[in-house]
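Undergrad: Please read through the structure below; I'll follow up with questions.
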Amino acid sequence: MSIQVAVNGYGTIGKRVADAVTLQPDMELVGVAKTSPNHEAELAVENDYPLYAAIEDRIDDFEAAGIDLAGTVDELVEAADIVVDACPSGIGADNKSLYEAHDTPALYQGGESADLVDVSFNARSNFEAAADADHVRVVSCNTTGLSRLLAPLQEEYGVEKARVTLVRRGGDPGQTGRGPINDILPNPVSLPSHHGPDVNTIFPDLDIDTLGLKVPATLMHTHSVNVTLESTPDAEAVADLLDEQDRTFLIPESYGIDGAGKLKEFAMDRGRPRADIWENCIWAESVSMEGSDLYLFQAIHQESDVVPENIDAIRAVLGTADADESRETTNETLGVGL
């Protein structure tokens, strides 16, 4: 029998996860929940996704907009084997009691506190840790990207210390209230940014320092990475290792892709839905070794890189596949791999 999946929150992440669920051979989308009858609610109806009211007091708003509802979020959660909470940061914590009341395991997004959950999750790094957990946090877009990078390096060479400067987009394309508009902000000014401690929820013993900047861009995040390894491979060997990973894309120098804008254009030309890039995008010519120090640049698409992770987390919690089986199925159905 297919896994019955509910998605609570049908915005940037939720709509992508819902679409991904419908592509899985072992899953069925029970429905999605929205707080308001906006264009995304209309999209859910057009996609024939059963739509539920996330806030009961707003049912009249949906009716006034001519949008038919399948019920309330309580009914959605009750009908599901597992729920993906894709609500804005902080709302997942408010929803936890709802999921517990229905004894439905829940996945939360990286904006929630690690203290909220039993385990933080990355499919490449700690898939098995989520087995039978009631509350699992799929780490943020940046932490997902760093975990995918650090896992093979740790396994193959050992990591003595990681240092990362994250140049973060100011907001997503649809977040008109975010910024900066004309500024470059240390965010935060003090060390570390939250990303290092977040990586430690996946790799508890890893020595990592992170710094963050926010810039007036919406396309992607960019990471400047320095990792001191416990051995001294050459750059070609490291590049080959990273190229072998299923959710990394080493950008060939010959492609002429010199920034996030061309990466998004590349994704559109390849027919990616919403121009999504699920993979870490690593500039191949940036992969350099100085002694035991590795340097590279990578770009992370903040709207989509966690989508395959959510799909894998569903299987991890319910124990329906091992890590390799799940990632292979997810990658094949979504079309991961450039």
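Quick reminder: no glycine exception, Cβ is built from N, Cα and C everywhere.
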Undergrad: Of the residues Gly90, Gly111, only one is listed by Swiss-Prot in the NAD(+) site with Thr12, Ile13, Arg169, Gln302. Which is it?
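TA: My reading of Swiss-Prot gives Gly111 as the candidate in that site.
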Undergrad: Quick one: which residues besides Thr12, Ile13, Gly111, Arg169, Gln302 have a Cβ within 8 Å of the NAD(+) site's Cβ centroid, in sequence order?
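TA: Same chain, not in Thr12, Ile13, Gly111, Arg169, Gln302, Cβ within 8 Å: Ser140, Cys141, Asp172, Glu303, Val306.
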Undergrad: Let me know how many other Cβ atoms fall within 10 Å of the Cβ of Gln302 (NAD(+) binding site).
TA: 23
Undergrad: Could you tell me the C-alpha distance between His195 (D-glyceraldehyde 3-phosphate binding site) and Gly111 (NAD(+) binding site) in angstrom, no decimals?
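TA: If we compare the Cα positions of His195 (D-glyceraldehyde 3-phosphate binding site) and Gly111 (NAD(+) binding site), the gap is 11 Å.
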Undergrad: Whole-number Å distance between the CA of Gln302 (NAD(+) binding site) and the CA of Cys141 (D-glyceraldehyde 3-phosphate binding site)?
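TA: Counting only the Cα atoms, the answer is 5 Å.
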Undergrad: Of Thr12, Ser140, Asn142, the binding-site residues given in the record, which has the fewest other CB atoms within 10 A of its CB?
TA: Thr12
Undergrad: Identify, in sequence order, the residues in the chain of Arg169 (NAD(+) binding site) that are 6 or more apart from it along the sequence and have a CB within less than 8 Å of its CB; answer 'none' if there are none.
TA: Lys214, Val215, Ala217, Thr218, Leu219, Met220, His221, Gln302
Undergrad: Within 10 angstroms of the C-beta of His195 (D-glyceraldehyde 3-phosphate binding site), what count of other C-beta atoms is obtained when all protein chains are considered?
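TA: Excluding its own Cβ, His195 (D-glyceraldehyde 3-phosphate binding site) sees 25 Cβ atoms within 10 Å.
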